[in-house]
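Taken from TrEMBL as is:
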type	residues	note
SIGNAL	1-22	signal peptide
DOMAIN	24-165	domain 'ML-like'
TRANSMEM	309-331	transmembrane segment
TRANSMEM	362-383	transmembrane segment
TRANSMEM	389-414	transmembrane segment
TRANSMEM	449-471	transmembrane segment
TRANSMEM	477-497	transmembrane segment
TRANSMEM	509-529	transmembrane segment
TRANSMEM	535-568	transmembrane segment
Amino acid sequence: MNLLSLVLGFLALLRLLSPASATRLIESNALDICQDSSNFTATYFNVLFTPDNRTLVFSFDGVASISGKVTADLILYVYGYAIPQRTLDPCKSADMKGFCPMNAGPIDVPTASIQVGEDVIKQIPGIAYTVPDLDATVRIYVNSSATGQSITCVEARLSNDKTVYQAGVGWTTAIISGLGLAASAFTSTQGHSNAAAHLAGNTLALFSFVQAQAMFGMLAVHLPPIVQSWTQNFQWSMGVIRVGAVQKIGTWYQRATGGTPSTLLVELSTTSVNVLRKRKRGVSGNPTNVIVRGIKRVGLKAAIEDTNLFLTSIIIFTFFAMVIMIILLLMKVVCAVLAKRGRTGPAWGYFLAEWDVVARGVLYRLVFIGFAPLSIFCLWEFTQHDSSAEIVVAALILASIMGALLWAAVKIILLMRKSTAMHRNPAYVLYSDTTCLNRWGFLYVQYRATAACFVLVMIGYLFVKALFISLGQSVPIVQTVALLVIEGLMLIGVSVIRPWMDKRTNTYNIAIAAVNFLNAFFLLFFSGVFDQPGIVSGVMGVCFFVVNAALTLLLMLLVIYASVMAVISKSPDTHYKPMQDDRGSFIQSKVRLGTELDELGAAARGDMTEIPMKS
């Protein structure tokens, strides 16, 4: 399976997940001022062009202080490439006679339409109507006919209603990740530790890559539209999920604790918005600029007020954790009922007896999965000051998750040293002690025993990334340079140490590290630090999508395959080579010991007839 087939397959999946639309169109609902001038302001702007009926429909609301005859120079930028400009003279166009001459004052055009000539339509390439997340902008310079000088400049970003931002993509990755973890847990209860470890490692690799893409989308650099849309698909992994009730709770809590909720989304109904910059009317009637980038841009695209982002992430994570713990509690009740009827096997009997240990282990898993988003939003809250109470909550949560994970990492390292000193093998205690394995195993089973301490490196790696993403929103170039260095060091480290359990798992994770480094390299260009032509950034945006879509699809297919084989195969462990650290023998010896003790207890009670004879 080559890269091209993977990308084509994923694009086909996107087409199935996206709503069908056969109508060709180009539209814009954002107008921005591209020249320092008070001659013109716009509070609402919408244009829709449908080539099939050659109609251009537009509505407009603004204020102009321009008077006299003017001309307009139109320049179209497509993926950074400038199409030769075209000059319009309202006095020579029958459809624009109302602007000849211009009169100072308010301009209100509720709805108007213009028939576009066939010669103009033929100049627009067909790809403009089909390529997703069209990176095109039209810039209009309004010039005085008398002096020839530019009076004002406006620009509008164009869209063809095709995008790679699809709810189905997020749901698909979330469901596959959840099924992978569930299949891993099920396989583990059946005693297939090798298959369970590989499946957990593959699922964690997919989830970490999904989170990495979401984190790149939170950087404050100007991202091409296709990169913005693609990374937005995975913001669910950061807890950025719009739920109406959650937004109401967040707004209420902020007001109750002395904060002032944002009203940006409320103003969208009457105000045109650019993803990076929004113009609105202040109290005095003069236009003001509100910068929307980075984390706030993610919130805007998810229809979440920026003042609710922190609480949204916290509430979503807490709700998810509560659901998992309730499921565990229900499983305990079911096992207890079945145990009274003698219908539980050894694995479920252990689950019932050690439920508190298993529950703590699940909590550690949840904290590790949510460590990146919780760190980012808690640190970001320190810069936002939504309310004093929210800052206190952020500090407590950050201290709690950091303390829990660092404590677990230190315990793992101490157990490694103890095992090496007593048994000359770091895997013995880590895998023979079922309490340790169930409580902290999720943090180290994907690594070889001699590199189990790499979990401490991973915690530090995620926290440093969170620091720059959350605290560097005002310095995008610093963000991108820091991310490039961090991802570069991580790539070198995993390529040299190769800490994962086997060659196959190392290959997956090194590939992820390489793509993360490549993404950071792309972002350095997006930041404009090299002052490259716009076409370069446009092409790199498409490359970003292609590479990340291919690897995401590959990882999802691997998780699906491993999950299916783990569930339907009678001996899923045979699909994987035995671990070189002999972890399997330690786990199996523990199971055999437990079985032998059960048999001895039965013999002492005189229940040997219930024990099947062994050949």
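Yeah, the Cβs are placed from backbone N, Cα and C, and that goes for glycine too.
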Annotated stretches the transmembrane segment (509-529) and the transmembrane segment (535-568) touching (3 or more Cβ pairs under 8 Å): yes
Outside the transmembrane segment (389-414), six or more residues from its ends: residues with CB under 8 Å to it: 253-254, 257-259, 310-311, 314, 364, 367-368, 370-371, 374-375, 377-379, 381-382, 430, 436, 439-440, 443-444, 452-453, 455-456, 459, 463
Cβ contacts under 8 Å made by the transmembrane segment (362-383) with residues that lie 6+ beyond its boundaries: 207, 211, 215, 218, 237-239, 295, 309-310, 313-314, 317, 320-321, 324-325, 328, 390-391, 394-395, 397-398, 401-402, 404-405, 408, 439-440, 442-443, 459, 462-463, 465-467, 469-471, 473
Residues of the parent chain within Cβ reach of the transmembrane segment (535-568), under 8 Å, 6 or more residues beyond its termini: 1, 3, 6-7, 9-11, 13, 78-81, 135, 164, 172-173, 176-177, 179-180, 183-184, 186-187, 192, 195-196, 198-199, 202-203, 205-206, 209-210, 213, 223-227, 230, 508, 511-512, 515, 518-519, 522, 525-526, 528, 575
Local confidence of the prediction over the domain 'ML-like' (24-165), expressed as mean pLDDT: 79
The domain 'ML-like' (24-165) - residue tally per DSSP class, helix then strand then coil: 18 helix, 76 strand, 48 coil
